[in-house]
Amino acid sequence: MSPATRFTVISCLVVSLITPSETSSWFDPFIEWARSSPNMTCVNNRTGTRSLATEGLISFNFYEASRTVRTYQVPKCIFMSSVSKTIMQGVDLFESLESYRRRYYSYIIVPVHASFQIFIHDLRTDLSSPTEELTSPVDKTLPNVTIWHTPSGYVIRLLDVVTPRFEECTLFPNHTVIFDMTVPCSQEVYLRQTGKHQFAIVLTFTPSFFVLNIQTAQHQHVTENDEDVILIFGDVRSIDVKAPYSKPVLTLRQSYRDDLLIVAKTSIVNATYPFIKTQDFLKGTLSGNYLDFNHVYTEFNRLVIHNLVEGLCDAPPDDRTVSMVFSYAVLARTLYHTSNVTARLEDVALRYVRLTLARTFLQQCFDVGPRYMRFPTIDGALSVLLKLIRNSRDVDGGLKLSLTFALIFGNNTDMTKERDLENALYEMKSIHRAGLVSPLSPRQRSLLYMMAYVTHHTTAFPDIRREMLAMQTSLCSPQELYNWAPHVSSAGLTMQEMFTPCSGSGRRDYSEARIAEIVQLNPLTTKTPADLYRILAHFDRSNLTNFPALSCISHLSGYVAVTLRDVTYVVSSNVMLKGTSYPVTNLAVDKTMIVTVSPAQHPCEKTEVAHATRSIPIVKNITIGNDCEYCKSAIMEYDEVNGLSNIVYLADTADLVLVTNLDNRILASSPRTRYIMMTANGTLMEITSVIIDIRQTSIFMIMLYCSLGVLLLYGLYRLLHMI
């Protein structure tokens, strides 16, 4: 029984002691007390001619008639604690019965206003505990955390790494329905501006439950007030409510393990959030095994797709928005609200990566990036796991990338090494080469999503990030948009599987009209150009601020940036930054295209005036030999009428052979199509053809070397037998 509950029982006993009989009639009581004393002997219903005041007791003296006083006493100490003071401050002894009744029904009473549901299902975690004996610790870098190596992988004790960083806070101060309480907590605030109105959803996590607070007031605030819609989910036994309310009448959903309480004014719910009263509210998350991380993550992604496709990220919170944030909160609570079992570190790490992916969407969907609940030990555990697998060729590159992504999201770039981004670059090159000739798979899109985040959200390792950005730009072709348009309508996709490299690239020139021109040719497309443009723009909310040579250019300027190792090319319709400008002359009269070249490490300087202008030389053909003089360069393809079409990055010789093979149809072939080579050293040239002269070892010589090797082995065999 909580302190507030115990005090309520005592208060009821006190009230029962001084309740008059039906025949009694008295005036208002006169209450007086003396200074503290160990005296605990009380009188009950004493009648006398004088009022009574006893040291250490509170005396209730009721004047019934002339010179007649009825006295009741209770110990003063029970009213002197902070809990009792708080409770007494929340009680209005002079409230009328009609006001009491109106106040009771002014809040949502679930049996009266809403649909209560109880979920009976088997709740169990999807984490499996290894059965091997833990005898081989491999790393003790983290304080109080041991990592063991077993045949099934690296193993840790769960609670050693998933405990969040909590700070003491006070919940529900001065609330009409709920008594305030001081608990360890962590808060996340999500803001959304729609027109003149600002909405906020505040998540407060505690060790036992979380609070989802939908703020309807015009000003944003961290603590809860009477105008908010409050949902409390988890173990709510420590929460106390004020009379005339009780937790059963506020319980909206229930399982054998957890309760969902709603505290909200009826008028606000009816006017703005009527979906809360329906049976389907939160059913997708709570009707299944919500301790199964994969189940909740799947439901979260289903809601994300609805919000993303239907443009709900720019609208006031509705059913799907609230349900999405609620499912995210369940994900976060599932991560840390667990028993201290052993688990594979890789499984725990992938859970954390998925939670991080969910956070990236919330960060994109709401206007202000919140301060997230931190898991300091799990960040350290991820860095240790990354250290253990960093140089292993037997570990999937996607796992290495996922760990790097999660660390950079948590501002832990110092826990990563250059080798980690080199591993990401290796994966990028593989996807880039495949993506030039075939549609990207959902897994490739998911990896590209994390690569794009890594590229844009750290300033470390600039040379590697510039090449990663160049390859994302290369993948953002009209053919990619043609393939992506029907892909976004596929069933069962996660948020990151809907990603297109166009959102993470240096191509900022695709307008809604241009997208319409491309996708209208694909009969499988079901989304409108407006829908596609909104999805594309949703993922594309960051400026290129972490690239010094591009940081001064407006996000909405309509340009293409090609970031080679030592030089930056910007293609636009007018001069945008200081550098050497190269006008493209072979265009229709109404088209203008300028290529501006600047050193990679040169700070961006915005200007609309060309400081140095040169013409682009025309080269009839270029020959590429074994030295690969044009590797780390790019080819720009443009149409004389329609302008820029494609940028193709040439990472190595294999890319050169692939791109220049006409059978692959990577570069268009038409009388109006022209090509400009953007070289790694900053030289521009218009080319008409490319000759590949990469000399390869002849088949005869290979056969000769193989024959000599066989003869040598046979000679060694005979020699050993003779000995």
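Please read every residue number as a count from 1 along the shown chain.
Cβ coordinates come from backbone N, Cα and C, glycine included.
Residues annotated as N-linked glycosylation site in Swiss-Prot: Asn39, Asn45, Asn144, Asn174, Asn270, Asn340, Asn411, Asn543, Asn621, Asn681. For 197-263, the entry in Swiss-Prot reads region 'Interaction with gL'. The signal peptide annotation in Swiss-Prot covers 1-23 and is backed by sequence analysis. Taken from Swiss-Prot, the feature topological domain 'Virion surface' covers 24-700. The transmembrane segment annotation in Swiss-Prot covers 701-721.
A sphere of 10 angstroms centred on the C-beta of Asn270 (N-linked glycosylation site) encloses 13 other C-beta atoms. Classification of Asn543 (N-linked glycosylation site) by DSSP places it in coil, neither helical nor stranded. For the pair Asn174 (N-linked glycosylation site) and Asn270 (N-linked glycosylation site), the C-alpha distance works out to 24 angstrom. Here the region 'Interaction with gL' (197-263) has, by DSSP, the following mix of helix, strand and coil residues: 4 helix, 32 strand, 31 coil. With respect to their backbone Cα atoms, Asn144 (N-linked glycosylation site) and Asn270 (N-linked glycosylation site) stand 51 Å from each other. In sequence order, Asp566, Val567 make up the list of same-chain residues 6 or more apart from Asn681 (N-linked glycosylation site) whose Cβ falls under 8 Å from its Cβ.
Reduced to three states, the DSSP call for Asn270 (N-linked glycosylation site) is helix. For the pair Asn270 (N-linked glycosylation site) and Asn543 (N-linked glycosylation site), the C-alpha distance works out to 41 angstrom.
For Asn411 (N-linked glycosylation site), the nearest of the glycosylation sites Asn45, Asn340, Asn543, Asn621 in terms of C-alpha separation is Asn543. A count of other CB atoms within 10 A of each Cβ picks out Asn543 as the most crowded of the glycosylation sites Asn174, Asn411, Asn543, Asn621. Put plainly, the glycosylation sites Asn45, Asn144, Asn340 were compared by Cβ crowding within 10 Å, and the winner is Asn45. When the Cα atoms are compared, Asn621 (N-linked glycosylation site) and Asn543 (N-linked glycosylation site) turn out to be 37 Å apart.
Calculated from their C-alpha atoms, the gap between Asn45 (N-linked glycosylation site) and Asn340 (N-linked glycosylation site) amounts to 56 Å.
According to its DSSP assignment, Asn45 (N-linked glycosylation site) is in a strand. Mean per-residue pLDDT, taken over the topological domain 'Virion surface' (24-700), amounts to 87.
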